[in-house]
């Protein structure tokens, strides 16, 4: 996990522009490099490094003797770089997994390069021999990427939008900063002046399609057939493979553990595989909550069962409220449920960075979208509509849960790994018949739970624990985080302000005081950038004005409220 930044065709002095690169210094606390491009005096790269692999040769932009005309800046991990080396006979100069991008590009061009990468990534690749610039981002946007491209061909690229919003350029209007779409690569021509022209934007992978790199995976052909035992076996096999390939690290590995199904499965499988790989330190697991929160109690039970070195972070309502502004600044969004759910993750990440030596952190993101884990899926009119909405959620992850997971951890120099979003695992799960994937017997994620029923990875009461409403698991039984927030914003936003919200914020106008409060903070830091969020996250198939599952009848009956 690092911070990447690059400019092409800057009219302004690069030493002034590079101040913007420092806005993402948190992403790479170990080292920083700023490098001009030979022959293009107005083009440069900036790189903040978090050293996870190859401590000696891991600085970027990566350049190797074999391809002196290629410059690569990337953020991410390519899990199959060894398999590709073996398959194609690549001769690596470094131990950096991303070096494979240079060799793949030289071998087969940009389309094959992007399609063959099994991992999470955002990259900027410069080919000075052919005067091309390439941008690419992984299927689910697990690693972030933003860009600004002006009409006169000035290009800025950065891991986070905050590294681009204050760039200087000779324009009367403020240039548009936008997220680079996941699962796409872009080809740009580089002119002698250093300016660029976009040639094409190509979608190289869709979440339903089996990835091209599956042919070179460590798991060979899966047993065919849709009988339940075969399906459950394949789910277990691919999930184990997804966790195993993510063990690649020279730094200490830890895991977030809420005591819910997803993080518990990840932590349990991770610990099992670390033992098998003879990793000689205990797995640290981390839970956050207020005093008697359900998550703390459940996580304690899981940690005791799997035998991890467990850490608990206790916070109070005041600390949660105080963190809101820095959380919104880090996130670059005002989406209500994203902000709500980010506070706990932000505070636990802060603790991990300050108090432990774990740097690579596993987490359960992506499972709710993939396996239809949200409570509103109980209301789906048909399995087909549930399937379509699951795919929509996966496509939009980069604006919501994946954004939350990246920014809250990266703000404290941690690297997140999310095995549920493994390309091979997700494409297999999405290939299963729609009726297999829906909630069953009143329980969401039934197929996933059933697949691990006989594995002894988890206690049965955790394996079948119902989903908590978003961020409510972290808070006290006496008063939920939802209620704490409502009480706070009620004092901050009066009724008249909310009535006139649509006048002040015509794009995505907030409908609640909480939404208004978050939007005010967002506009303070990123004025006029509300279009980074196309829409608020909301449950489907019900009349909802709030994203919290607390407002759903199914949740209320389950929690007897």
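Positions of Cβ are set from backbone N, Cα and C atoms, glycine also.
Please treat TrEMBL annotations as automatic predictions, because they have not gone through curation.
Taken from TrEMBL, the feature active site, for GATase activity applies to 2. TrEMBL lists 2-191 with the feature domain 'Glutamine amidotransferase type-2'. Here TrEMBL flags 97 as L-glutamine binding site. For 256, 288, 363, 364, the entry in TrEMBL reads ATP binding site. The site 'Important for beta-aspartyl-AMP intermediate formation' annotation in TrEMBL covers 365.
The two recorded residues, residue 363 (ATP binding site) and the residue listed as 'L-glutamine binding site', show a Cα separation of 21 Å. What surrounds the ATP site, by Cβ distance within 8 Å of the Cβ centroid and not counting 256, 288, 363, 364, is the set 255, 257, 258, 263, 286, 345, 348, 361, 362 from the same chain. Other Cβ atoms within 10 Å of the Cβ of residue 97 (L-glutamine binding site) number 25 in total over all chains. Residue pairs drawn from 256, 288, 363, 364, the listed ATP binders, are separated by up to 15 Å at the Cα level. Neighbour count (other Cβ atoms within 10 Å of the Cβ, all protein chains): 27 for the residue listed as 'active site, for GATase activity'. Summed and averaged per residue, pLDDT over the domain 'Glutamine amidotransferase type-2' (2-191) gives 93. Counting Cβ atoms from all protein chains shown, residue 364 (ATP binding site) has 24 others lying within 10 Å of its own Cβ.
Within 10 Å of the Cβ of residue 288 (ATP binding site) there are 27 other Cβ atoms, across all protein chains.
Nearest in space to residue 2 (active site, for GATase activity), taking C-alpha to C-alpha distance over the recorded positions 97, 256, 288, 364, 365, is 97. Comparing residue 364 (ATP binding site) with residue 97 (L-glutamine binding site), their Cα atoms are 24 Å apart once rounded.
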